[in-house]
């Protein structure tokens, strides 16, 4: 039996997520979409697909008769708005999957730590860059300690809507923190690049990990990274290694660490293409977020069905 869900936010991410629920999920049933722009393409598309809509945001959502059938809400708005949404939805006892950088609930990256947070009522999906790169940092960390993890996420400017642009600072802060908390690095740093190239380029992510152990098993690191890429591909088919994993010796002062490091730099280069459910293939940054959110919601609901 499927469980009713709603989407807050009628922008790029919210609309792509709605379509994924409708097309791909056997356990989730799309009940309602709430936005604040009555003329948005997302709300118009939802209405055409038979989904109940409101342009009055979370206040409108909770007053819909259909809200009684909603057990889980995806929040695809902004970090600032999510703080209010969480307080409202918490009062109604709804599970919340947060696709903003607000991070009220714990960070969740499905192949790394989802199993640890199946009992939570609010989970945070980090950022698109976090979903693409934190699994790699975690994979390397399973073989050898990571003193410093730095990621650079390059996304097509055309795929970045107003919500993404408004959250740039939160993006870098949340992603860097997730590199540490979920990825296991002692220190983390994140950089986002909005690439204006036309035609738009696919999402590219570069992961640099500095490891104190110069003699770390390189074959084991490659195997761990390859296995993790396969785990992400289970729900994001367009996620792939762009080049072979690269290794370089490091023996220098590193300002990010505030000291000297002798060790190994591991460099991983990734590419993410989207499934094209709502936006074109180049919007892999949206696809990895919505796909991770869908996977997380299905597991959260599945866990509750088992324990009910």
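Placed from the backbone N, Cα and C atoms, the Cβ positions cover glycine too.
The feature NAD(+) binding site is assigned by Swiss-Prot to 10, 11, 12, 13, 159, 160, 161, 162, 163, 164, 165, 166, 167, 285, with sequence analysis given as support. The Cβ of residue 165 (NAD(+) binding site) has 11 other Cβ atoms within 10 Å, all protein chains considered.
Within 10 Å of the C-beta of residue 128 (active site, acyl-thioester intermediate) we count 30 further C-beta atoms, all protein chains included. Under the heading active site, acyl-thioester intermediate, Swiss-Prot lists 128, citing sequence analysis as support.
Between the listed binding-site residues, namely 10, 159, 167, the fewest other CB atoms within 10 angstroms of a CB are found at 167. The secondary structure of residue 165 (NAD(+) binding site), as reduced to three states from DSSP, is helical. Rounded to a whole value, the Cα-Cα separation of residue 161 (NAD(+) binding site) and residue 128 (active site, acyl-thioester intermediate) is 13 Å.
The most densely surrounded of the binding-site residues 12, 161, 163, judged by C-beta neighbours within 10 angstroms, is 12.
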